[in-house]
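Chemist: Quick one: the structure is below, and I'll ask about it shortly.
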Amino acid sequence: MAATLLELAHWSTWAVCAVIKLPQLAAVLAARSTRGVSVGSVVLELAGFLVFLRYQIYYGYPLQTYLEYPIIIAQDVILLLFILRFSGNMKQALFCAVTFGGGWYVLTLRKWIIDLAMNLCTLISAASKLAQLRCLWQTKDSGQVSALTWSMSAYTCAIDFFGIYAYKIIFISLLVLIRFITMLILNIWVTATILHYRKTKKTD
């Protein structure tokens, strides 16, 4: 029974990941504005996901621990393009593509490079959440930031963490576990902040 529930949870995670950025994309596209959305947060998040995915592929982790990441990365790329488009900075798109593409290749040139990148990965991903929080604190307005997208991110982190525990994937590194826990806490914090400023705005 427990195994069946866990399997359903994982399938639900993949289903959520397939649409995780769609609420955010829809909000930006409908308003044709990126007000409240931190471009730095999206860039850092994308960098963190790429490093994390590359690390797990390099070390042969089970597919179920990272299957959703290519889907999220693709959606983040589209979101970044929307942000650059509506902020009038489309010229930076080529620079971003070359940077991320080159980084993907360089990561596995040497074992120490991918290990060092993974050591920094949690800091990079945490910085992306903090960048979004900083943007919200400065503007005191959630703008087009989607609470649904951030809450779904928290859900996927929780399922991934408990999935690792339930599957007893004992060879998974402490760095990966720390990442899941940190991202869960920060995703919940961002979601709560968005809802707080949305409630405050309605009250005003």
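From the backbone N, Cα and C atoms, a Cβ is placed for every residue, glycine too.
Remember, TrEMBL labels are computer predictions, not curated facts.
Note that the structure is predicted; figures quoted are calculated from it, not measured.
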Chemist: Under TrEMBL, which of the candidate ranges 93-110, 147-164 is annotated transmembrane segment?
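Modeler: Per TrEMBL, the stretch marked transmembrane segment is 93-110.
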Chemist: Please give the sequence-distant neighbours of the transmembrane segment (93-110): residues at least 6 beyond its ends with Cβ less than 8 Å from one of its Cβ atoms.
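Modeler: Non-local partners: 43, 46-47, 50-51, 54-55, 58, 80-81, 84, 117.
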